[in-house]
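Have a look at the structure below, then the notes.
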Amino acid sequence: MRPLTDEETKTMFEKLSKYIGENIKLLIDRPDGTYCFRLHNDRVYYMSEKILKLATNISRDKLVSVGTCFGKFTKTQKFRLHITALDFLAPYAKFKVWVKPGSEQSFLYGNHIMKSGLGRITENTAQYQGVVVYSMADVPLGFGVAAKTTQECRKVDPMSIVVFHQADIGEYIRSEDTLT
Amino acid sequence: MGRKLDPTIKVKRGPGRKARKQKGAETELSKFLVDGKPFPYCDFYHYLPCQLLPIERAARKQKKQPKEKDDLKEDEEEEEEDTVQANIDETEKFILPAAADRAKEGLLPMDLQTIHQRIKDNVDVLSHFSEKREEGKERSEYLSLLRSDLCTYYSYNEFLISKLMDLFPVSELIDFLEANEIHRPVTIRTNTLKTRRRDLAQALINRGVNLDPLGKWSKVGLVIYDSSVPVGATPEYLSGQYMLQGASSFLPVMALSPQEGELVLDMSSAPGGKTTYMAQLMRNTGMIVANDANADRLKSVVGNIHRLGVTNAVICNYDGRQFPKVMGGFDRVLLDAPCSGTGVISKDPGVKTGKDEADILRSAHLQKELILSAIDSVNADSPTGGYLVYCTCSIMVEENEWVVDYALKKRNVKLVSTGLDFGKEGFIRFKERRFHPSLKLSRRFYPHSHNMDGFFVAKLKKLSNAIPTTPRETGL
């Protein structure tokens, strides 16, 4: 387990700010202590400093996971955000999309969201902006990228895609193996 | 009118093709055998004059045997008729078949109805032995007949049935075996980190799930009767609001009751149900080390921990016996030891025939090593803790009371009350073994009496960090 290098930190924070903007500070300085990011086997883990101290007792090859996994760095050093980070992104999300109950299942299977399934969308969403997807009961379902601006969403036909799927909670069942 | 319906036809036509077939090959072949000699137009028989084919011999034998069986049955029936006609005081007598008959039964398949009836009668006699016994027959003969009948009827191996007959009185044994044939009800545990039981129940009812709170003893459990949607794939499940968990798995965590801010170890944590329950009781404070020796099963622990929103867990892949060396000084330790699984036969019927003496002793040996490592990992001077909970999903005394008794002899620990007010007390003595009297504080759970998987829970408190070099006297 090692701290992230500057390069890696920059890449990761860029990715995160697509979804939560400048609220990244709130992830590090929390009221119940300081939290930090550490890298282990190409995956980034988010944990409190207290856990960090105790986790150093465990040897590198036997350690499987610490705290919460946010995502991993690919072989070409790009950062890919995993669904396991949803609990931390959802409260600070800047742009949100609500999905109608009928199309919830479709999104949870990994499909993109179409105009017919769109319930609400935050005002002034830019195109290709990172968004967090919620169900109508305000339960976070995953995240994605807006395919159209809010204005355009009003005008397009019901069969066109408005949000590209990136991660959803259905992955806990579909790809349980790749979480580690 | 048709041939069959015409009453004027008086010609008797004899048995049809089907009836003749049932009588056996001979009647069919009698066409070809004239006076025991082969009929000319069958070339086949040229080479076997006056000789029956093997299949014909077997058919003849088979026709004879049922006649013998019928004799036996007739005897029993006559007995029953006699007793029915006689005074009501005389109840039906259960006749033990002679040894020769039993040997014959080994060759013939007996039908299950008969065996089941025989089991019931046998149990009845054994419960009221002095009144209902046959003169001259020993109790052991009845027991051995019961043992082989139970093996046949419920598909167990001899070893396991003998062990179960030692554990339970005969009538309870039947209840236990019957309970192992059906599944226990599906139960879920509300994740109080994300929701409340009331809200979750409401949301699931809206989806079409029929459920109820689990019982007075649990504030987070729900039992599912039936459901129109798959319980393991609802959006509530995926967002981590509940976890599918057997009711018996709630018990060791309730007994351990980890407090906020403590350092806890779960030595055998896969698939992560107990770990996540502990995290929700600790409200994501402190730290939990979730360990498991099997790397594949650890993936499910990772999945469950992330899904339920647990942030204070570290997951590692050590053999539990390495523990105090890697890290020690825990406030509380939970050891859900790998076992023979005799309490969860309803989930895994392979245990019925797959386990024998060597398996049980091997498990017991591993469990003893693990419990000593677990004890050494607890910090006796912890301000809030110093507790270890040892549990297994087995009902065998070798894996439960014997292991705890061993720990009591080898380390400075004592048993304390688990806090679970229901469940049977653990054994203090069993066959030729004698255990420490405090074993009464451990608890056993059975599928037939508590409607949850068979389980054993014992809570130990560590008195001092020193390891005794000589074995302690048990004081018995």
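First residue shown is number 1, and so on along the chain.
Note that Cβ sites are derived from N, Cα and C of the backbone, with glycine treated the same way.
Predicted automatically and left uncurated, TrEMBL annotations should be read as such.
Keep in mind that what you see is a predicted model, and the values were worked out from it rather than measured.
B:Asp319 is the only one of B:Asp319, B:Asp348 that TrEMBL places in the S-adenosyl-L-methionine site (with B:Ser268, B:Ser269, B:Ala270, B:Pro271, B:Gly272, B:Gly273, B:Lys274, B:Asp292, B:Asp336). Counting only residues at least six positions away in the same chain, the Cβ atoms of B:Asn291, B:Asp292, B:Ala293, B:Gly320, B:Leu335, B:Asp336, B:Ala337, B:Pro338, B:Leu370 sit under 8 Å from the Cβ of B:Ser268 (S-adenosyl-L-methionine binding site). Within the same chain, the residues at least 6 positions away from B:Lys274 (S-adenosyl-L-methionine binding site) whose Cβ sits under 8 Å from its Cβ are B:Ser249, B:Pro252, B:Val253, B:Asp266, B:Leu334, B:Asp336, listed in sequence order. Spread of the S-adenosyl-L-methionine binding residues is 19 Å (greatest Cα-Cα distance among B:Ser268, B:Ser269, B:Ala270, B:Pro271, B:Gly272, B:Gly273, B:Lys274, B:Asp292, B:Asp319, B:Asp336). Neighbour list (B:Ala270 (S-adenosyl-L-methionine binding site), Cβ cut-off 8 Å, at least 6 residues apart, same chain): B:Asp292, B:Asn294, B:Arg297, B:Leu298, B:Ser300, B:Val301.
B:Lys274 (S-adenosyl-L-methionine binding site) carries a helical DSSP state (H, G or I).
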